[in-house]
């Protein structure tokens, strides 16, 4: 199904955002509700389910935290995430230096954490039962841990030298956290330990000569602006502004040396990419300019490029129940990529006419929805 992902002609996501979309999250409980966060500070919640049962439908926005909302983020929302255990709560963080904990039913913030600098990324553990810590990456090199239970951000993890652009808890061990920084480093932490840092990932696996000009123990020769664990937590995928993606063994910290080729990554902030779940093999979906590149995680093979957006893609999120993908872009659109239904292709169609048939409806679709509004 993943190999046949295509832009779906019959499914639209209601267009609410008036500026670029930076972040998407689908709740893990039912896989039905999706959040989006935009450059204008707006947050939208969508119902992905087709309630009309018609073959062509639009995923409706159930509600919006819009510009007129008293608690709307003042600047760009960089990360949204559902509370992992139920849909009654979600979180958002922003360049306005805050992390907000929202009550889904009342659309009021239950708590607000304030930071000294821009917030690039935050994450709650998908598996934690013994702690309620939210990891937060900000302009400060210190990684902040906010405790949902006490409402304080007491823990601090020190070790990075520049801003922290990406944070991700292990889906396997509830106390293990991975962080990526503009200093080129990726660090793994055990938040129970006083010193915190377990290891700093080294792209050369410790074999770099002392004479080298490159800094020792760097994961990338550039800013590390994205990380994502595989579903089983055994591997960690990182991307950096050195146009590289690397796959690490998360227990040994070893660079597996899988070669994905060049991945154009000019993002000055966090890049939100996704790894498939419930697929064999695993696939990575990585924003690549105005397209999404699909790679096999363990062999590095570029399977396909998903084309449909008109501008830079900032984020994508995988829906594991139906092996679907949603992507958000600077073009203000959220696109749904759905496995193509298997239909026999008649022999008499020439190869040349096939791509044409695939492309046109997608473009017509995207334009018609914006006409309706205006």
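Each residue, glycine too, has its Cβ placed from N, Cα and C.
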Between 317-345, 346-374, I'd like to know which one TrEMBL lists as region 'Disordered'. 346-374
Determine how many residues of the repeat 'WD' (306-337) DSSP places in helix, in strand and in coil. 0 helix, 19 strand, 13 coil
Which listed stretch (14-56, 157-192, 217-258) has the most C-beta pairs under 8 A with the repeat 'WD' (306-337)? 14-56
Range from 70-112, 157-192, 217-258 with most C-beta pairs under 8 A to the repeat 'WD' (14-56): 70-112
When the pLDDT values for the repeat 'WD' (14-56) are averaged, what is the result? 95
